[in-house]
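Following: one structure in structure tokens, then a few remarks.
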Amino acid sequence: MLFGVYADYGMLEEAIGVFDYMEKSGFKIHHKSCMTLLLALKRCDKMDMCFSFFRRMVEGLEANVEITVHSLTTVIHGLCKGGEVERAKDLMEEMITKGIEPSVYTYNMLINGYFIIGMVGEAFKVKAIMEQKGFKPDIITYNTTASGLRKLKRYEEAKSWFFTMIEREMTPNVVTFSTLVNIFSKIGYLEEANCLFEGMEKRGVRPNIVAYNTLIDGYSKKGKLDKAKWLLREMEKKGVRPGIVTYIALIDEYCKKGNLDKAKWLLGEMEKRRVRPNIVTYTALIDGYCKKGNFDKAKWLLGEMEKRGVRPDIITYTVLIDGYCKKGNLEEANWLFEEMKKRGVSPNTVTCTSLIDGCCKNGKMTEAHKLRGVTEAMGSIPNAYIYASLIHGELLSGKPAEALELFSDMKHRGLVPDNVTYTAIILGLSKQGRPGEALRLYDEMIVAGITPNERLYSSVEGSLDTAGS
């Protein structure tokens with residue numbers, strides 16, 4: 001009794017202490033007691049302790065404690081969940097030599113483990129061994145395989161598993177349908193995904209939150225927000241409670257479309273239903289308000305999320321910094337940059353890129369180059385967009401030589417100039433009255449297979465006229 005209480009409350013050292021006392025005192029230790037501790041250790045992710053205790057069961061207590069496939073599967077599940085799949089496989093093979101045969105469930109755990117770490121070939125090898133031993137793959141085997149392939153974006157292979165399952169006269173369950181709905185949605189076959197979804201109920205399978213979330217997300221991203229909202233109402237009518245993922249799909253898309261009233265209404269609906277907004281929800285709304293130019297509301301939301309215990313992350317700060325830079329309010333952007341660092345949130349390349357671009361567009365080239373240094377100090381090579389911003393900034397400041405030096409440095413570092421970079425330097429040189437250099441770079445751009453846009457093409461035509469005259 002005491003042993004079980006300690007295990008249930010996560011007091012694992014104490015539970016092992018009771019176990020040691022029982023063993024030393026010669027008490028009979030039941031398999032059920034060992035399983036209680038094994039499960040508690042697995043539940044608390046103490047897999048080294050769990051593995052060691054299982055070894056004790058096998059080696060030290062063989063005469064007294066029955067080692068079952070259930071205890072073996074418990075350890076294998078925990079090891080696979082923690083990514084220690086090879087260790088799990090070795091343990092299973094060792095236990096086979098001791099006469100403990102794995103079940104289909106054990107094999108399924110191992111197959112899933114290999115899919116988690118992306119070793120598809122090994123997953124299929126385990127399935128083949130399972131079949132050689134006379135075990136028939138069950139619905140969980142098929143679902144695990146299809147889901148594993150889906151997570152690795154091998155959608156066509158995942159889809160084929162569904163048809164194999166049907167050929168073998170196996171009845172799909174809610175997990176099968178949800179996985180398939182997700183696959184069809186991901187490869188852009190949204191209407192087919194919807195047909196599968198509708199087919200679930202016809203087969204007597206009740207759609208779960210995963211199936212609803214997949215379709216709501218798919219329709220939201222396609223801009224079909226009325227259909228997504230209808231699905232939200234339907235799931236509530238049918239007793240499936242929407243979660244944070246459900247609401248985020250809709251809120252994010254409403255924000256992207258600039259429909260902040262509906263996004264805010266959905267936030268209110270979430271709170272009414274006691275679904276707590278998370279960092280993704282707040283960041284989507286802050287981004288929406290920044291894009292609308294409503295920085296007071298965006299900053300208010302930043303304070304509001306902190307009041308509610310949601311700590312802003314690098315994405316939240318970058319969204320605000322980028323918004324202020326685009327507005328030309330570098331003072332506020334720099335304040336947020338410093339505030340972010342004070343709070344222990346380290347800037348990334350995207351944050352620095354936004355600030356560098358803002359500085360360059362406002363003629364603050366000294367600050368821009370300092371920030372370039374910050375990027376390099378973080379161990380990141382400035383990207384093509386940073387170089388494009390710096391080149392554009394130097395040209396705006398009337399310094400074509402510095403711009404050309406940056407362009408050369410960029411190529412020396414192995415960065416391939418893109419359309420943005422070529423356009424910035426060619427247009428800048430044209431405006432600076434240096435048509436010869438502009439045309440040379442235009443030819444280089446064409447040879448590199450980069451198609452100029454209409455604005456650049458017109459500018460080069462003008463440069464040709466200037467050069468001709």
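Yeah, the Cβs are placed from backbone N, Cα and C, and that goes for glycine too.
The repeat 'PPR' annotation in TrEMBL covers 68-102, 103-137, 138-172, 173-207, 208-242, 243-277, 278-312, 313-347, 348-382, 383-417, 418-452.
Long-range contacts of the repeat 'PPR' (313-347) within the same chain: residues 279, 282-283, 286-287, 290-291, 293, 295, 298-299, 302, 305, 354-355, 357-359, 361-362, 364, 374, 378, each at least 6 residues beyond the stretch ends and with a Cβ under 8 Å from a Cβ of the stretch. Sorting each residue of the repeat 'PPR' (138-172) by its DSSP state yields 26 helix, 0 strand, 9 coil.
Secondary structure of the repeat 'PPR' (68-102) per DSSP (helix as H, G, I; strand as E, B; remaining residues coil): 26 helix, 0 strand, 9 coil.
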